[in-house]
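Everything below concerns the one structure shown next.
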Amino acid sequence: MALKRYQPYLAMLFIQILYAGMALFSKASISTGMNPYVFVVYRQAFATIALAPFAIFLESSKTASLSFTLLVKIFFISLIGITLSLNLCYVSISYISATFASASTNTIPVITFILALCFRMESICYKQRHGIAKIMGSVVCVAGALVYAFVNGPPLYPESHKGVHYQTSIGTSKGEWIKGSIIMLLANTMWSLYLILQGPIMKEYPAKLRLTTLQCLFSCIQSAIWAISVKRDIAAWKLGFNFNLLSVVYCGVLVTGLSYWLRAWIIEIKGPVFTAMFTPIALIVTAFFSFIFWKEIPRLGSVCGAILLVMGLYGVLWGKQKEAECKRTSECKGEITSI
């Protein structure tokens, strides 16, 4: 019983580890010349192929009906939350640094929190400590991500000349930097909206595996149309038995397939803000493996940012736990359900 209680937490931790691996694999593949739009197509294709057999056999007994209206909803949610967010993210990286891109995804919890309030899917008991904890935790969490990305500080120990050093910018103009930042913010907003809309869809179509497979299929088709329209070079679509194949299989089967299904399950039982609040963990895990494999030197600013990330994360989780207890005992007053 105790283990079942912590299953959503363990699942979200596992998802963020997968996302950290995705950042490492994707970075390695795209830096060697693989087109990012093509990468998304193959990633979604492998996810669909991997999930389809499980969706057919494991959920064959479920009688969830799929109407035309519901199919259209799933199609547009896939377009908004998966296809657009992934492709816009890769477009923005052309204008901003990879560090800024990684840090900016940590604005997703705040965006999701605001959208959830607008849709009246989340509430704040502003007269209670847990309501304040949710607000302050969100702010501290994002502040930690920004400190982690932009405040370098002195190294924790003398740097080795063999270490890998990354620029904080890529030499783009101020206008291009602003353009990339806006595109990245739009991508994060699309993903946050996907987290919000996924909850009601799960109630209409509770077959989680089939839903995830459909979303991956639609996203693959949509991404293919996008990729063909911007990259018509046939050579860019060639995929051999190399590291690029390993990357798209990893990202497709484990990240796009497994993590999307796990996220849909967690959203159904815990809500969208709960899932979004785990986003900063991927940044910490990525930094850890970057140090192991690429000898990146940890700096004081990065450590301080990581501490703020953890403090903000657990502040919001504490607030949500206390809020649930408050609702069960009907002691919550002064509730705000919209902004």
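Note: Cβ is positioned from N, Cα and C throughout, glycine not excepted.
Here TrEMBL flags 9-30 (among others) as transmembrane segment.
Per DSSP, the domain 'EamA' (9-142) is made up of 107 helix, 2 strand, 25 coil. Summarising the annotation, TrEMBL assigns domain 'EamA' to 9-142 (among others).
The transmembrane segment feature in TrEMBL is assigned to 36-58 (among others). Proximity of distant same-chain residues to the transmembrane segment (36-58), defined by a Cβ-Cβ separation under 8 Å and at least 6 residues beyond the stretch ends, is recorded for 26, 29-30, 82-83, 86-87, 90, 93, 207, 209-210, 212-213, 216-217, 219-220, 223-224, 226-227, 230-231, 236-237, 239, 247-249, 251-253, 255-257, 260-261.
With a threshold of 8 Å between CB atoms, the same-chain residues lying at least 6 positions outside the transmembrane segment (70-93) that come near it are 30, 36-37, 39-40, 44, 101, 180-181, 183-184, 186-188, 190-191, 193-195, 197-198, 201, 204-205, 211, 214-216, 218-219, 222-223, 226, 260. Among the features that TrEMBL reports, transmembrane segment is placed at 70-93 (among others).
Taken from TrEMBL, the feature transmembrane segment applies to 99-119 (among others).
What TrEMBL lists as transmembrane segment is 131-151 (among others).
Marked as transmembrane segment by TrEMBL: 177-197 (among others).
The annotation domain 'EamA' is assigned in TrEMBL to 179-317 (among others).
Per TrEMBL, transmembrane segment is recorded for 209-229 (among others).
Positions annotated as transmembrane segment by TrEMBL: 241-262 (among others). Within the chain, the transmembrane segment (241-262) has long-range Cβ neighbours (under 8 A, six or more residues past its boundaries) at 11-12, 14-15, 18-19, 21-22, 25-26, 28-29, 32, 34, 39, 42-51, 82, 208-209, 212, 215-216.
Feature annotation from TrEMBL assigns transmembrane segment to 274-294 (among others).
The transmembrane segment annotation in TrEMBL covers 300-318 (among others).
Across the domain 'EamA' (9-142), mean pLDDT in this model comes to 81. Secondary structure of the domain 'EamA' (179-317), assigned with DSSP and counted as helix (H, G, I), strand (E, B) and coil, comes to 120 helix, 1 strand, 18 coil. Count of Cβ pairs under 8 Å against the transmembrane segment (131-151): among 9-30, 177-197, 274-294, 300-318, the largest is for 300-318. Packing against the transmembrane segment (177-197) from elsewhere in the chain are residues 77, 80-82, 84-86, 88-89, 91-96, 100-101, 104-105, 107-108, 111-112, 115-116, 119, 121, 169, 263, 267, 272, 275-276: each is 6 or more residues past its ends and has a CB under 8 Å from a CB in it.
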